[in-house]
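First up is the structure itself, then whatever we jot down about it.
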Amino acid sequence: MYRYASFVLFLAFGIAVQRSNGTEVTVKDDNDNICLYAKLMVNFTVSYEVAGNTSATGMFELPVDVSTNGSTCKNTSSTLKLNFGPGHSWSVNFTANGKMYHADTITLSYNLSDATIFPNSASNDTKVVTAETQITNVGIDTCYSCRSVDTIAGKSVNQTLWNVLIQAFVSNNSTSENITSCAADVPVTTVAPTTRPTTAAPVTNSSTTAPTPTTTPTPTLPTPATGRYDVKPDQNSTACLIAEFGLRIGVKNVEMNFEPNGTTSSGSCGVDSSQLVLVSNAVTITLTFLNDTKKFHLHALNVTGKTSSGVAFSEANTNLSLWEAAVGSSYMCNKEQNYTITGLLTLYTFDLRVQPFGVNKGVFSTAHECSLDDTSVLIPIIVGAALAGLILIVVIAYVIGRRKTYVGYQTL
């Protein structure tokens, strides 16, 4: 079966290159008719083993340049397979049942011998992981659409999909204009509260003044709950990364508290880098820490999800230098801190304590306190201010004494 793939061009401005439309492909059958169409964006985070029985993290995205070799189209089943790089592939299996179809599984195959993505890998094997999807109840003659961010978290692989548009069973050589939207894209409708009518008082004046409209102030969010998160190499091991904090996320002029209840934590622990991935119902947060042999710091932060009004977002910064402390210690800041991560994303932390390297027996080591918590910094300031005040009092008393003595001499 002979197939073709078409790809979306991307724009480059200076040295900054950003894929704007994602990966777009069409699969054709033996009669040269389109039988499957897909346009989507996917990011991958993979934990893999390096020398010394430690782990590292590889991060990559589904590129624009892919092939569809291995894709198939049948009456009741189809497979989209995208091949890229040296031995990597990503595929989705679809099954039709009458007037509806759904996706069965997503399969990622990644080649650990690719040193560009997996440097210093202890293995050159090709790994295969499968995951279930949320693509269900799609009309047979419609395109499945999901612009919202969907993170599929696994033991060693996290996959983040967004801007997805797929029609797995194309008929008449033409994609459908009808859309089946994912649940995350469907706007939430709220019913306006009803009020009991009141009897109007009799009017005694010929002219009346309309009441001044009142506005309800935006409620202040409570302090977010503190959650404890950890990363373990396996179920029988103690934690190699531990973190405690309360989080508030400000994105697109909307603030929301991150809810630790129901949140799952995963990640990886390496010699040079460690990663913590937090997945809640609404938000996925990926924190990447780097170790420069003497100190560690938060190097990258990726936050994806949707606001309470259903607006999807994905913001990231991979050039941070936050929460710095000596390797083997923890970083702590109990006071509220806020960080501008991107132009649209602000992060607020409360009761923060993290240790991504050198964790012993699953407990925090000695903490490096932030300047807001370190009261020892205030002591020399207070002492200096007291001495300055004392010197000023002595100078003033001396000047007053000199003036009195001078006036006394003049009188004599």
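Yeah, the Cβs are placed from backbone N, Cα and C, and that goes for glycine too.
As given in TrEMBL:
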type     : residues      : note
SIGNAL   : 1-22          : signal peptide
DISULFID : Cys146-Cys182 : disulfide bond
REGION   : 193-229       : region 'Disordered'
DISULFID : Cys333-Cys370 : disulfide bond
TRANSMEM : 377-400       : transmembrane segment
DOMAIN   : 379-410       : domain 'Lysosome-associated membrane glycoprotein 2-like transmembrane'
Ask   = So among the disulfide-bonded residues Cys146, Cys182, Cys370, who's got the most Cβ atoms within 10 Å?
value = Cys146
Request  = To the nearest whole angstrom, state the Cα distance for the pair Cys146 (disulfide bond) and Cys370 (disulfide bond).
outcome  = 41
Ask   = Roughly how many angstrom lie between the C-alpha atoms of Cys333 (disulfide bond) and Cys182 (disulfide bond)?
value = 40
Note = Cys333 (disulfide bond), Cβ-centred 10 Å count of other Cβ atoms over all protein chains shown, is 22
